[in-house]
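Here's the structure, in structure tokens; my notes come after.
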Amino acid sequence: MNPNQKIITIGSVSLTIATICFLMQIAILVTTVTLHFKQYECNSPPNNQVMLCEPTIIERNITEIVYLTNTTIEKEICPKLAEYRNWSKPQCKITGFAPFSKDNSIRLSAGGDIWVTREPYVSCDPDKCYQFALGQGTTLNNRHSNDTVHDRTPYRTLLMNELGVPFHLGTKQVCIAWSSSSCHDGKAWLHVCVTGHDENATASFIYDGRLVDSIGSWSKKILRTQESECVCINGTCTVVMTDGSASGRADTKILFIEEGKIVHISPLSGSAQHVEECSCYPRYSGVRCVCRDNWKGSNRPIVDINVKDYSIVSSYVCSGLVGDTPRKNDSSSSSHCLNPNNEEGGHGVKGWAFDDGNDVWMGRTISEKLRSGYETFKVIGGWSKPNSKLQINRQVIVDRGNRSGYSGIFSVEGKSCINRCFYVELIRGRKQETEVWWTSNSIVVFCGTSGTYGTGSWPDGADINLMPI
């Protein structure tokens with residue numbers, strides 16, 4: 001090949017390579033522009049629809065990086081929109097309960113600024129769990145903590161922290177409330193907050209951080225609600241509220257709420273005679289609550305709520321090992337599913353139970369008369385057989401010598417089933433402990449387990465003599 005031919009050949013090859021590179025650059029440019037505009041096409045509405053001006057909850061925000069000849073292209077995957085929870089999975093099969101969380105609020109109050117609280121509970125959004133309580137508008141090491149044994153003052157607010165974080169000075173005050181309930185519908189939190197005069201209180205309904213609705217007292221005698229989580233199914237949340245006598249006939253209503261707006265109110269129906277402080281859980285496709293009869297029964301009332309047609313059915317837990325305090329001893333106590341047992345019916349304490357086929361899991365104070373100690377167990381046939389008393393899988397959560405208090409249920413959705421968990425309020429201070437002038441609490445939390453477990457006792461643990469007066 002002569003020199004001229006070599007020059008022509010080299011020139012041709014160079015021109016070909018240059019052309020290929022030019023085409024590749026054009027392809028890269030087109031791809032970059034296409035991906036840049038395509039990310040804005042996600043979930044765009046048809047031309048005949050209006051895009052609603054509402055906040056979007058982003059669950060995932062994934063960035064993929066693709067390398068092409070030293071050019072970086074970022075492609076953003078469209079975020080999946082949050083969906084309402086439907087709680088359609090089955091209930092987890094459990095053998096008992098395992099320790100989950102303890103906040104040690106009273107012990108920490110001996111040397112730090114921790115809120116004075118009572119009426120705690122736990123509820124979870126799809127990602128994490130939170131603890132709630134009704135604060136008294138003061139920390140424990142503060143003269144305002146004097147006489148905080150009282151339930152209803154205008155200074156009480158609903159506090160909210162991630163589970164396991166005590167209520168420190170930076171805690172969010174969600175609303176003004178001396179009675180409350182909270183739940184997450186899959187998109188946002190709903191808070192039901194009751195405050196005001198005993199004879200004319202107001203319940204505010206706060207959804208996604210905004211006041212959406214309210215309702216006033218209908219019986220003019222201490223409007224009150226669950227003091228534990230409400231339940232939302234497919235966007236409809238239910239909350240049980242009572243107004244009227246705490247030791248006689250009262251007026252209980254079940255409110256149905258969608259994104260903070262009351263859409264229906266159903267009166268209590270069925271055989272339950274007195275219903276307060278319900279502990280509710282999803283039982284697809286409805287909601288089931290186990291409550292407190294403060295008038296006639298030491299057996300606990302059941303309220304079944306149909307979310308679709310707003311119908312209500314009520315009865316009592318069948319187990320002859322009853323769940324309220326005070327109560328008769330186990331050899332003398334009874335329950336026949338339909339009516340209050342008229343045994344130690346006055347007074348009572350918030351508690352919980354849940355069905356497991358024909359059986360029932362339940363928790364209660366160990367003491368029959370006082371809010372001290374705490375135990376859980378399963379009663380064979382306790383959900384369906386009148387006066388059933390065969391107890392298995394008993395666990396001590398707090399030993400008899402230490403104080404307990406309210407307790408309630410909350411539900412956690414796993415990959416394949418819905419687990420039931422409970423918390424126990426560990427009350428300290430007045431009225432029983434007169435060395436101090438305050439009344440407050442810490443909590444301990446357990447969740448259902450299908451595994452094995454050991455034994456123990458998890459009391460509050462604060463030495464009252466080391467506490468601020």
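Note that the numbers count up from 1, one per residue, in the order the chain is shown.
In case you wondered, yes, glycine gets a Cβ from its N, Cα and C as well.
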Q: In Swiss-Prot, CYS417 sits in a disulfide bond; tell me which of CYS78, CYS92, CYS124, CYS129 is on the other end.
A: CYS92
Q. Of the candidates ASP309, ASP324, ASP330, which does Swiss-Prot annotate as part of the Ca(2+) site that also includes ASP293, GLY297?
A. ASP324
Q.
According to Swiss-Prot, the disulfide involving CYS230 connects it to which residue among CYS183, CYS193, CYS232?
A. CYS183
(Q) Rounded to a whole angstrom, what is the C-alpha distance between CYS417 (disulfide bond) and CYS447 (disulfide bond)? (A) 13
**Q.** Candidate with the highest Cβ count within 10 Å, taken from the recorded positions ASP151, ASP293
**A.** ASP293
Q) Given the Ca(2+) site residues ASP293, GLY297, ASP324, which other residues of that chain have a Cβ within 8 Å of the mean position of their Cβ atoms, reported in sequence order? A) HIS274, ARG292, ASN294, TRP295, LYS296, SER298, ASN299, ARG300, PRO301, TYR316, VAL322, PRO340, ASN341, GLY345, GLY348
Q: Return one of helix, strand or coil for CYS183 (disulfide bond), based on DSSP.
A: strand
Q: Report, in whole Å, the straight Cα-to-Cα distance of CYS337 (disulfide bond) from TYR406 (active site, nucleophile).
A: 23
(Q) Within a 10 Å radius of its Cβ, which of these disulfide-bonded residues (CYS230, CYS278, CYS291, CYS318) has the fewest neighbouring Cβ atoms? (A) CYS318
